[in-house]
Amino acid sequence: MHAAAWNGHTEAVGALVEAGADPTAKDDDGLTPLHAAAWNGHTEAVEALVEAGADPNAKDDDGWTPLHAAAWNGHTEAVEALVEAGADPNAKDDDGWTPLHAAAWNGHTEAVGALVEAGADPNAKDDDGWAPVHIAAHNGHTEAVGALVDAGADPNVKKDDGWTSLHAAAQEGHTEAVGALVEAGADPNAKKDGEWAPMHAAAQEGHTEAVEVLVEAGADPNAKDDDGWTPVHIAAQNGHTEAVGALVEAGADPNAKNDGEWTPMHAAAWNGHTDVVEALVEAGADPSTKDDDGDTPLHEAAFNGHADVVEALVKAGADPDVKNGHGLTPLHIAAFHGQVGVVEALVEVGADRDARTERGWTALRIAEFHARSAVIEALGEVGATGTDGL
């Protein structure tokens, strides 16, 4: 019976029923012949099975009904036949998905329309708070987004964590879906539980066009999350040079500080994004700005061994001998962490190889104490001195 239903052999289904086959029989996954026929869109087989007594609301081991199966694959006629037979358009699987979630995931606009017409709730949420419009937006199904909104879906509906459909579309870079949601009334400045706005989500992934659409819709390029991070911080941290440029052009502050007084320049330097550092400098970012520990972007680059960033920062005017709040220069930091490439770059740009910490230690003394052999050799070659002063 399952095989006949799977392949849409309606006459065979009828013959098997007449011979005593059970139209409600389940396989090892809990699937009935009706699931099989619905999955492949065999409407006549669906009707024959229902007429023979198949349960249109039977659930498999994951809680899927035949209507979920038909909706997932966009078989609108099968959807309509199942609804007419009494299938529940709001049935939920084990994760809280309705057939409308299934149709939305794959962008089956006609199936979405048929389900809504049958009474499916366009704002139904799964166990994580995802509504069908979240799912359609996440996957970039703009027409499905439009159909859901037209059917009454709330474009500002939030997941359990405050994530809106606009966040979902922006993070995935689905520009058309972003535009459709904004046009439908989605708030471009909605925040995820007081944290990220859709602009942060777009910036994280470097979706420049989505950034531009959001800006045009009124999104704040200087919006801050709970830790004070702006979208340009996020874009800089992830090395998205074009997104940084688009944000700055839209009015984002290249010197914005988060709660730890990190600027986008700190974030770019820490992660070794030389192109972003250069773009920020061109946009007016201060290469010598300090965070609440007194660390400059140069300290951050030195810590992680980003010699190219060190060179770019010094070229932009950063002081290679600047001290942080603990009295450490970038050379001290590089020596401590064994970043020989940065040590060589700093020496090359004129850093004081014998600068002392508050305890009187030079970079060479630090390298000796921590057994950084490559750094010891590099500093020794340029005549650096150590000291036993404590």
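Heads up, the Cβ atoms here are built off N, Cα and C, so glycines get one too.
What you are looking at is a predicted structure, and each value in this text was computed from that prediction instead of being measured.
Listed in TrEMBL for this protein:
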type   : residues : note
REPEAT : 1-28     : repeat 'ANK'
REPEAT : 29-61    : repeat 'ANK'
REPEAT : 62-94    : repeat 'ANK'
REPEAT : 95-127   : repeat 'ANK'
REPEAT : 128-160  : repeat 'ANK'
REPEAT : 161-193  : repeat 'ANK'
REPEAT : 194-226  : repeat 'ANK'
REPEAT : 227-259  : repeat 'ANK'
REPEAT : 260-292  : repeat 'ANK'
REPEAT : 293-325  : repeat 'ANK'
REPEAT : 326-358  : repeat 'ANK'
Which residue counts does DSSP yield for the repeat 'ANK' (293-325) in the helix, strand and coil classes, in that order? 17 helix, 0 strand, 16 coil
If you average pLDDT over the repeat 'ANK' (326-358), what do you get? 97
What is the number of residues in the repeat 'ANK' (95-127) that are helix, strand and coil, as DSSP sees it? 16 helix, 0 strand, 17 coil
Using DSSP, what is the helix/strand/coil residue split across the repeat 'ANK' (128-160)? 16 helix, 1 strand, 16 coil
